[in-house]
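To start, the structure itself, in structure tokens.
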């Protein structure tokens, strides 16, 4: 942990050694824990659980140390505002112009605001604490779910450790966002499904936990709610196709409950979500249509990961594919009838299917990463089980002589060293290809459209000023980072479709029409857009040149507003300029 802390400090000062320290710091904690979890010397459930939870604490601390003083990711800032509004009004379902759909899923805000009210902490501190506790509950629920499914202590701990190599595990799923609030209860619902047998005494508590978890997920996060319906539906289907000696109807009962609760919530409370999710779905379908029509997906000219990181990601996917192939072969050879094992196999296949989304359109990588949050649960269970059973499932007599001594009978081929090496490969691949992107693994200097690295004091001060000096809910056109800040700290109504105002070299009739049609009151102009290409590939929320920028925006395009009649400069910090365009 200290190595990564030093790496973060070095990143802020631009030290050349910071990147090396970052990667070494990741390995020296993760690899020994996995090795111990897979070792024959593991003492039992207590040690395995403590190792899994200790790793979870370590991983959350790495996220917290990146920005210990404030939220920087756009989604966190949006939920910071939602929580602040709940505390100010004392009511749920209040509008939030930064993320309108969040008003219909207030589970996280209820948790955060309750902690603020009880402790007197700031929203930021309470949010960091809430997210940390939710992370620990998630890992604990995953551990107990594997144990309830019949897994050994080693398997349960290894599953938690391998799941820590999910693309969004380290940062995104540990943020103060509504998905973080829903994930632990998704795991609890699955655990309750496995524990609940209606004909056994004492089943009522499991049923209550299952139904309550379904309700919490439904009111907390839309995507997790859909994943819950799909997961419980898959478990119910597998139970029906592969019936056990003791009939288990818990999965079917909870799946039906989930469908009813989620559909009712969407139709009665959160019907806005249909349009919210429709736009990215249509974009993805359009990209798929273009690919199948022979046109291919649009080529991005934005810089990609370094070649060595791409190689590690490819090797990691290949290793997971090998594990999936072996597990599938074993299940078919044994004519497996366990419903849960087949559900894990199907879920692992879904992981590879959703991984292909990264090649579909500009939003592909983000969609693939978000889907892996759910599909990587069965994949990590399968990977851990295959590694733990590696030597037990081999036939020594089929590997005679030197071949066997150098491969399956070698010391390195035991589960502990082999599994630790493979898990380390998966971890490195996840850190390279997950969140944060490779260009912001470390804190550092300001980057245009750089998400966390675009949140600096000058920008935050300007955003606060808009709310204090101009009032709330003005229509603000801004770049990607500016839109996030003015909509949260300034509580303005962001306009993300005004890119042409900034790209046009000369003010003309079309720009005047854009102002009127979008009802824009103010322009946020960051002149650093003329100095850097966008780190994320886009300058604006809706960018007609997305992923195709080869040069920065010309400075003349950004300062032309100084000479337009009726446009007044009302704020100038040097890099940030704010114009009143209501008189244009």
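The backbone N, Cα and C atoms fix where each Cβ goes, and this holds for glycine too.
Where the annotation comes from TrEMBL, it is an automatic prediction and has not been curated.
Range with TrEMBL annotation transmembrane segment, chosen from 97-117, 286-306, 307-327, 370-390, is 307-327.
Feature annotation (TrEMBL): of 17-39, 63-85, 339-361, the stretch labelled transmembrane segment is 339-361. Pairs of Cβ atoms less than 8 Å apart link the transmembrane segment (225-244) most often to 251-274, out of 166-191, 203-219, 251-274, 339-361.
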